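Notes for the one structure printed next.
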Amino acid sequence: MRKLDTRTIVVASHNKGKIAEIADLIGPFGFSAKSAAELNFSEPEETGTTFEENAAIKALASAKASGLPALSDDSGLVIDALDGAPGVYTANWAETADGTRDFAMAMQKVEDALAERGASKPEDRTARFVSVLCLAWPDGHVEYFRGEVEGTVVWPPRGTSGFGYDPIFKPDGYDTTFGEMSADEKHGWKHGDAFALSHRARAFKKFVETCLEA
């Protein structure tokens, strides 16, 4: 595993919600970070079929364009009753005809697909959020960090916090959805803690332990 010997990195994302969450997580570590969106980097086409492949595409593009290490996230909602969908195509389910993303529409698509499968009981609506962070260097070296959190898809959507599919995902052991939690509650982790809640915080915890700590 390669250690990160700089605190200047690029957050390889154009997703405002994702950029904000990563900024919250890296903030305490003294990073100087700009996003690919702020640097006006074009969005690379995500042609991978796994979270790891798509995360690497984004991180490597930003690392090579900037000459700096770049941290990306590829994440998605994996629903058992839908054979793992939307999975790596989670963002695609939200795409509209004009190229924007409508997650209210995407959540309705999820519910409609579950209804078609007759998945109305909680035990038939099990799912997990997956996050794969990729740290890439300009020389092409990459490190991956995967985090997952198990839960249930609920309906109707609950809460207005977070972003994406957060309002319909209730993590196991909790009565509230990610959409009803503050950012601190959703991540459930700060440096030194043994436990993290969200998929992204779990992946980030591995990143810290692997690349930042001595």
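Each residue, glycine too, has its Cβ placed from N, Cα and C.
According to Swiss-Prot, the protein has these features:
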type: ACT_SITE; residues: D74; note: active site, proton acceptor
type: BINDING; residues: S13, H14, N15, K16, G17, K18, S75, F163, G164, Y165, D166, K186, H199, R200; note: substrate binding site
type: BINDING; residues: E45, D74; note: Mg(2+) binding site
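Structure with Swiss-Prot features highlighted.
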residue : record                       : Cβ contacts under 8 Å, 6 or more apart
S13     : substrate binding site       : I19, I22, S35, A36, A37, K58, S72, D73
N15     : substrate binding site       : A91, F163
G17     : substrate binding site       : G162, F163, G164
E45     : Mg(2+) binding site          : I57
D74     : active site, proton acceptor : E46, G48, F51, E52, N54, A55, K58, V88, S131, V132, C134
S75     : substrate binding site       : K18, F51, T90, F129, V130, S131, V132, H199, R200
D166    : substrate binding site       : G159, T177, F178, G179, K186
Three-class DSSP secondary structure - G17 (substrate binding site): helix
Number of Cβ atoms other than its own within 10 Å, given for H199 (substrate binding site): 28
Assigned element (helix, strand, coil) containing D74 (active site, proton acceptor), judged by DSSP: strand
Largest inter-residue Cα distance among S13, H14, N15, K16, G17, K18, S75, F163, G164, Y165, D166, K186, H199, R200 [record-listed substrate binders, Å]: 21
